[in-house]
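Record features (Swiss-Prot):
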BINDING   Q85, G103, E104, G105, K106, T107, D491  ATP binding site
Amino acid sequence: MIKKLKEIPFFKSTEMKIAEKTLQQINDLEPSVVNLTDEELQNKTDEFVRRIQEGETLEHIRPEVFAVSREATKRVLKKRPYDVQMLGGIILDLGSVAEMRTGEGKTITSIAPVYLNALEKKGVIVSTVNEYLAERDAAEMGEVFSFLKMTVGVNKPSMSPEEKKQIYQCDITYSIHSELGFDYLRDNMVTNINDKVQRGLNYILLDEVDSILIDEARTPLIISGGESSSSYMYEVANQFARTLQPGDYEIDEESKTIKLVDSGIDKANKFFTLSNLYDIKNSELVHRIQNALRANFIMKKDVEYIVKDEKIELIDAFTGRIMEGRAYSEGLQQAIQAKEFLEIESETKTLATITYQNFFRMFKKLSGMTGTAKTEEQEFIDIYNMRVNPIPTNLPNIRVDDEDSIYWGTRQKLNAILKEVKQVSKTGQPILIGTSQIEQSEQLHQLFDQNGIVHTVLNAKQNEQEANIISQAGQLNAITIATNMAGRGTDIKPSKEALAVGGLYVLGTDKSESRRIDNQLRGRSGRQGDIGYSKFFLSLDDQLILRFAGADKLKEIFPKSEEALNSKQLKRHFSNAQKKIEGFNYDSRKTVLNYDDVIRQQRELMYSQRDLILVSEDLLFVIERMVFRSVDDVLKNSMFLLKNGGFDYTKLTEYINDQWLKPFDFKFEESKLSHLHEKDLAEYIFQNLMEQYMIVRQRLIDSFGEDSILYHERSILISTIDSYWQNHINSMDKLRSNSNMVQYAQKNPYQVYTQKGSKKFERLIVEIALQSSVKLFNNPSAYRQDQMEEVMIEGYTQEFIDKIPESEREYFKTLPQDLKSKIVKNLIQLEQSIAMVESNDQSQDLQSITIDILPDQNLNNSSDEAK
């Protein structure tokens, strides 16, 4: 009932009721704000910050802040935000999605909520889909923010950590969405807490929110490292795939999955000389074969990817853009390289990963704006707890959205499009033709060339000319073929002459996987109350029908014809197929989230443990916990238990002495351990191990100082956690791939993944504790003075680098390591000498104890080393 009420125009959400009430308050304040001088208007920022610090809430000061923001925007940009833009801004501050049609001024709408949340001085992030938009919006809107005493920065992938840290310290940071996620992952790989660049996840406003949170939700962010692997198996798997006939495998068109049938399995057993392909020992080979099948029979060139400069470049299915720097994971990239006979790169090892869904859900407040999101509202509610609020247009929408025309086959559809373009172009009306695949755009390109129709093509292959092509698409006589216009950041503005002949004509050549994407294409026409027209030309050969509506059966029902098949039944088939694939894609995204939620809980525990180690000034409590966990695990190990009960004390004693006490004089005695009550054994071993560790630790502190020992302990703990965690997430990746194989045994893959993943994580915690404690007890640098000095110098070197002025820091890093060590070693001696003087309260001239920082007095003063 509630859902039906929301579809009635006069039904308003709670957010919209709040927004309208607040808008009235803003408008009531406007006369008084207009009379403020520039200085008085600017000083309002200081007043708002003070009031927030004194306890006022953002909600309480929202009307005043929005009124000030509106006036500042009017004075700086010479544009007074419309009431509907203020409504949109309030919705954004409420942590919801503002659905605003193309051309309604989303960028200006963002100013007020960003300004309001930046007043908390905790940092606000505005995320865009590409770097061009981030720089453009930061430059244009930054003028308003600067006027209001707010600092603005742009986060770029090319920046150094030092530069990024400064950018994140700004009141407002603009960034592409992927870089935010990568910065978060990198922050959780640092070995010094001061090297983190982000300062907390407070408030984020996502432009094109549906593109980021829906379309890209299935693509996890991954930081990878090189891992040696032979290209031979990819090539062999590809050779096998090329021997198969269509009857050897089965493709599920709906899910785009593929599997071998009995004849294919028999061929695999013969090809690889196996008795049973699906034996557990062959799981790695099955994974390679599965990727080869996907690469050869599912992944299509110029649809999912292109080959450019002998490299595989991925295509964003929703925007048509090349996804720079992206690659398929889990060996699929290498399988496609083998298919295309390209050089096969090493398969990478995952070092850190997170999905967009789980990353953005960590923000204290999340909001977004887009032209189309209402059709996906349930997903926004279920996953992000965000409602979608359509914002009224400033001027009525007068674009005409015509009925779809459906044709029997591709040839008939193309002929109809050609005829329509010829007819419409006679008046000079600009035409934008939207295709979903590069292959379609190039088909039309050839057809138009053959018929002498002057046109321009925009797809992933011409991505570099995008801005120029789009800027001309609204001019008289312009005919533009574009692959997936969704996500394009530049508005098409029809010229006066074009508006006089009907405005922009949007012609869709097929339905996409989402009504939302189709609505975005339509929305390119009729911006800001302009006249416009849209129409879709479809056929029974379109991918949507082939995958989800049984094209062959429909072709049997409807006789072949050159004219459009005007049938309500057919239109229902297209509509139902689109809803079906929307549901399938939602389930797919939900599955990705479910699997990532398992690793998310583990990741949060690992990252919190890491942070605890990085910030703690005393790590003994961590070390004690790890030693006790290790001892407890050893005593539960079956190799030390006798069949008739009790322990094999000989083995147990040898193992503990060998693992922890090699460098120590103290050793456990079998006779002593065997006389203890079993329940007291763990505590006794733990207490004695820690006692020995503390003796040596104190001796090292006396020699080298507590800071050096802390640095040494921290380094061992962090490096062990990182190494084992990285191995774990790669193990979890393989577990997920292999868990799909249990479907053959009628088991639930997700349940298998969850159960086995939990056991793996429990073991991971124990292994980290065991290896960390063993390294701390046995690391040679703790007992050899020369190596301990190296550890100490390494720690001081980083501390010294942090103190160097930024202008000189990079130069110091380029010096030879031995010279850096000598400089820092001398500085340590100098610090110790000064400390000695201060502690003895001596007043002697410090010059008398100053040593030469540069060790070699004979260095030429003009040399790099002297500098």
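Backbone N, Cα and C atoms are what each Cβ position is placed from, and that goes for glycine too.
Everything Swiss-Prot records as a feature, shown here on the structure.
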residue: Q85; record: ATP binding site; CB count, 10 Å: 25
residue: G103; record: ATP binding site; CB count, 10 Å: 21
residue: E104; record: ATP binding site; CB count, 10 Å: 25
residue: G105; record: ATP binding site; CB count, 10 Å: 16
residue: K106; record: ATP binding site; CB count, 10 Å: 22
residue: T107; record: ATP binding site; CB count, 10 Å: 16
residue: D491; record: ATP binding site; CB count, 10 Å: 14
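In the three-state DSSP scheme, T107 (ATP binding site) falls into the helix class. Taking the centroid of the Cβ atoms of Q85, G103, E104, G105, K106, T107, D491 as the ATP site, the other same-chain residues with Cβ within 8 Å of it are M100, T102, I108, T109. Secondary structure from DSSP puts Q85 (ATP binding site) in a helix. Among the record's ATP binders, Q85, G103, E104, G105, K106, T107, D491, no two C-alpha atoms are more than 17 Å apart, and one pair sits at exactly that spread.
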